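Engineer: Can you keep this structure in mind? I'll have questions shortly.
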């Protein structure tokens, strides 16, 4: 189902949601951190979704073990490097990795700015080593409040040339986008792109707010857009992309089953929607699974899957020249 003549992208992929279980085990031993299990086989149920979680917040607790072992900046650098290695292994030509340095820093009180620098170093080294093209999206974790998000923003701004976009993720219901207007004003002033997690736990009004108040050019998940016909029309007309994450939305119980996922309807409506993983390490999936298993189960035709693959590059935070060069590079292989 993947068109090998086209670039394969993943533009909604959390770096801190893709920490290998083996790495969690090794870092736990290295830093003498107590883990819920001492072998890879027995650890996996604690760090990967085995059965669908009842809600988004329950799903997010599965992420915690990955960041609990980030006891040093070297550990942060390692998982960033491994994220690029994983992207290469799964055949990705281009990936946008998003991360929350405050979340990564929290368990061991690491310097937030230091985490940003370590992630940049690890990703750059990975790109040089494995030949994958990558850009970084800074996440503000809304769950920790406005002040913590301000600290994350300042850390990103210190490396503004290495950050491509700003995102807002976490507890969408408890911390609406209206709390973060000034943060996004500064991000736009820095020349960054804007993508926002919206319409995952909250309704279509959260998506409208992300677009109108925060300046979102893309929406993460956005499944609740299906409830508002005017919003669907607006997304299509303005070419505001939806970063769909099929398996993730089932595992968080955002959508009941793949057959009910709105991605097919987004594509039929002319909305620029793409296929992405979200937190592949926690989900136990990769981009190949999303294209070859999840997308057909969601009712997408072969042509719709191809269109979603095309959309992934069209939506990417790349210049027109960068997109052209990537197309030519893949076509020449």
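Note that Cβ sites are derived from N, Cα and C of the backbone, with glycine treated the same way.
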Engineer: Among 279, 286, which residue does Swiss-Prot name as a further substrate binder in the site formed by 14, 16, 170?
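Structural biologist: Record check against Swiss-Prot: substrate site with 14, 16, 170, extra candidate from 279, 286 is 279.
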Engineer: Write down the one residue from 90, 93, 193, 197 that Swiss-Prot lists together with 12, 14, 278 as binding Zn(2+).
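Structural biologist: Matched candidate out of 90, 93, 193, 197, per Swiss-Prot for Zn(2+) with 12, 14, 278: 197.
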Engineer: Other residues with Cβ within 8 Å of the Cβ centroid of 14, 16, 170, 279 at the substrate site?
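Structural biologist: Along the chain, the qualifying residues are 15, 17, 60, 63, 98, 99, 100, 103, 139, 169, 278.
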Engineer: Using the recorded Zn(2+) site (12, 14, 197, 278) as reference, state which further residues of the same chain have their Cβ within 8 Å of the centre of those residues' Cβ atoms, listed in sequence order.
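Structural biologist: Residues close to the Zn(2+) site, other than 12, 14, 197, 278: 13, 17, 98, 169, 220, 221, 243, 245, 248, 276, 279.
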Engineer: Have a look around residue 14 (Zn(2+) binding site) and count the other CB atoms within 10 A of its CB, chains all included.
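Structural biologist: So the Cβ neighbour count for residue 14 (Zn(2+) binding site) comes to 28.
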Engineer: Per DSSP, to which secondary structure element type does residue 16 (substrate binding site) belong, with helix, strand and coil as the options?
Structural biologist: helix
Engineer: List, in sequence order, those binding-site residues among 14, 16, 170, 279 whose Cα sits within 10 Å of the Cα of residue 221 (site 'Important for catalytic activity').
Structural biologist: none
Engineer: Cβ-Cβ under 8 Å from residue 279 (substrate binding site), same chain, 6 or more residues apart: which ones?
Structural biologist: 14, 17, 18, 63, 248
Engineer: In whole Å, could you give the widest CA to CA gap in the substrate site formed by 14, 16, 170, 279?
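Structural biologist: It comes out at 13 Å between the most distant Cα atoms.
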